[in-house]
Amino acid sequence: MSLVPMTEFLPRAKKEGFAVGQFNMNNLEFVQGIAAAAKEEQSPFIFGVSEGAMRYMGIEYVVAMARIAAQESGVPVALHLDHGSSFEVAMKCIQAGFSSVMFDGSHYPYEENIRLTREVVKAAHAVGVSVEGELGTIGGVEDDVQVDEADAALAKPEEAIRFWEETQVDAMAVAVGTAHGMYKGEPKIRFDIIEEVSRNIEAPIVLHGGSGVPDESIQKAVQLGVGKINVNTESQVACTQVVRDLLGENPDMIDPRKYLGPGRDAIKETVKGKMRLFNSSGKA
Ligand code: 13P
């Protein structure tokens, strides 16, 4: 299959009560591990690419790898810019072949966030590309996005509803208490915000910071209208642990395939587990 916008599967996800995972792409092993998981699970999925990951891999490599992964897996795949910081970067991604973009205007004043997001939506929708917007600020660190827990601000439901009405984004990230990275304690998710916003907008809600959220909380969030869940750190932790153990136990190991291959398998298993948890397995 070729790359598709998120609108190919997100409306159905919200209607049928499952969520599609956004799995972040960091290098070739992530691309292959995620695509292999999706093929086995017959699950649609979203490749999330942060601006930092794009600088690391190069935008042309990102698009080429995603296209091959979509063909190879045979399931619907969206290639999505994660936390795009400007109109320009979103347009650059669309021109390069991305099928979806996030414009993260959450650090702008509310009205300015609406105005800027609308501009991205207008340009993206004109060429069949889906858009995610964000309201409230999600704590934690992810590449260029760094928010102190003290500055993390939950979204106000009435503002989130008006944001969606005025921007018509295809997926709506609202800060509900999750954070990027692993949690020190258990995240306190505001299910009441998810419920109220979801009831009043057509688009599904996006849960950022999906790593380390207890399974029951994920299931409850999906029931209430979360249709997209982002996972990066858990795949990184699983891969790195395997590589670290192998290199620790085998100081003479020098062929990268010998440790990156098992690292790739660990990513695949992590992603398969999430697809089952999100109930997206068999929904391709
Ligand atoms: P985690 O790294 O906490 O899984 O969050 C990923 C994410 O939200 C990407 O936008």
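Placed from the backbone N, Cα and C atoms, the Cβ positions cover glycine too.
The shown structure was predicted, so the numbers you read here are calculated from the model rather than taken from an experiment.
What TrEMBL lists as active site, proton donor is D82. DSSP assigns D82 (active site, proton donor) to a strand.
The annotation Zn(2+) 1 binding site is assigned in TrEMBL to H83, H180, H208. Taking all protein chains in view, 30 other C-beta atoms sit within 10 angstroms of the C-beta of H208 (Zn(2+) 1 binding site).
Positions annotated as Zn(2+) 2 binding site by TrEMBL: D104, E134. Taking Cβ-Cβ distances under 8 Å and a sequence separation of 6 or more, the neighbours of E134 (Zn(2+) 2 binding site) in its chain are H83, M102, F103, D104, G105, S106, N113, M172, A173, V174, A175, V206, H208. Secondary structure at E134 (Zn(2+) 2 binding site), as computed by DSSP, is strand.
In three-state terms derived from DSSP, N230 (dihydroxyacetone phosphate binding site) belongs to an extended strand segment. Residue environment of N230 (dihydroxyacetone phosphate binding site) contains 27 other Cβ atoms, counted within 10 Å of its Cβ in all protein chains. Taken from TrEMBL, the feature dihydroxyacetone phosphate binding site covers G181, G209, G210, S211, N230, V231, N232, T233.
Among the binding-site residues D104, G181, H208, S211, N230, the ones whose Cβ sits under 6 Å from an atom of ligand 1 are, in sequence order, G181, H208, S211, N230. Neighbour list (G210 (dihydroxyacetone phosphate binding site), Cβ cut-off 8 Å, at least 6 residues apart, same chain): G21, T178, I218, I229, N230, V231, E234, K274. Under the three-state DSSP scheme, H180 (Zn(2+) 1 binding site) falls in the strand class.
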